[in-house]
Amino acid sequence: MSLLDAAREVRDSAYAPYSHFKVGAAIRGASGAVYRGCNVENVAYPEGTCAEAGAIAAMVAAGETELVEVAVIADSPGPVPPCGGCRQKLAEFGRADTPVLLATTGGATLATTIGELLPGRFDSGHMSKTS
Ligand code: THU
């Protein structure tokens, strides 16, 4: 099964009674294993979590901290862009050139990278004093 198909499949499990916007994400760890996540909303809206965050949590819980590929899918007019917070979360575990495939349930896709999604990212180097 392709990474996008895994994202499409897990999207069916999304819990989105408030936005009615279901999102599925799948990430491939460096080991080759695939981790899936869907958005999980909450009546206290800010407590909801994104699909990408769920997939990352599954990867880390399985003992992996490096991702090599990402796929995200939603029923949107165009390939769904990860929110700002998810871009930072993906950047934590991927590289600037890590491929990210954004897709719609209608079949549109956009191939991009973590670096394109989050140029000038904050990383641990910014916490090192030089003087
Ligand atoms: N959402 C995601 O799961 N991932 C994204 O990249 C964008 C937004 C979710 C959060 C919320 O449950 C719904 O989509 C509407 O914002």
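Glycine residues also receive a Cβ, built from the backbone N, Cα and C atoms like all the rest.
Given the structure is predicted, the values throughout are model-derived calculations rather than measurements.
Summarised as a single figure, the pLDDT of the domain 'CMP/dCMP-type deaminase' (1-125) averages 97. Marked as domain 'CMP/dCMP-type deaminase' by TrEMBL: 1-125.
Taken from TrEMBL, the feature substrate binding site covers N39, V40, E41, N42, V43, A44, Y45. Classification of V43 (substrate binding site) by DSSP places it in coil, neither helical nor stranded.
The annotation Zn(2+) binding site is assigned in TrEMBL to C50, C83, C86. For C50 (Zn(2+) binding site), the same-chain residues 6+ apart in sequence whose C-beta sits under 8 angstroms from its C-beta are V23, A25, G37, N39, P82, C83, G85, C86.
Cβ contacts within 10 Å of E52 (active site, proton donor), excluding its own Cβ and spanning all protein chains shown: 27. Reduced to three states, the DSSP call for E52 (active site, proton donor) is helix. According to TrEMBL, the active site, proton donor annotation covers E52.
In the three-state DSSP assignment, the secondary structure recorded for C83 (Zn(2+) binding site) is coil. Ligand 1 lies under 6 Å from the Cβ of C50, out of the binding-site residues V40, Y45, C50. Of all the binding-site residues listed here (N39, N42), the one with the fewest other CB atoms within 10 A of its own CB is N42. Burial estimate for the binding-site residues (V43, C83): highest at C83, by number of other CB atoms within 10 Å. In terms of DSSP secondary structure, the domain 'CMP/dCMP-type deaminase' (1-125) contains 39 helix, 34 strand, 52 coil.
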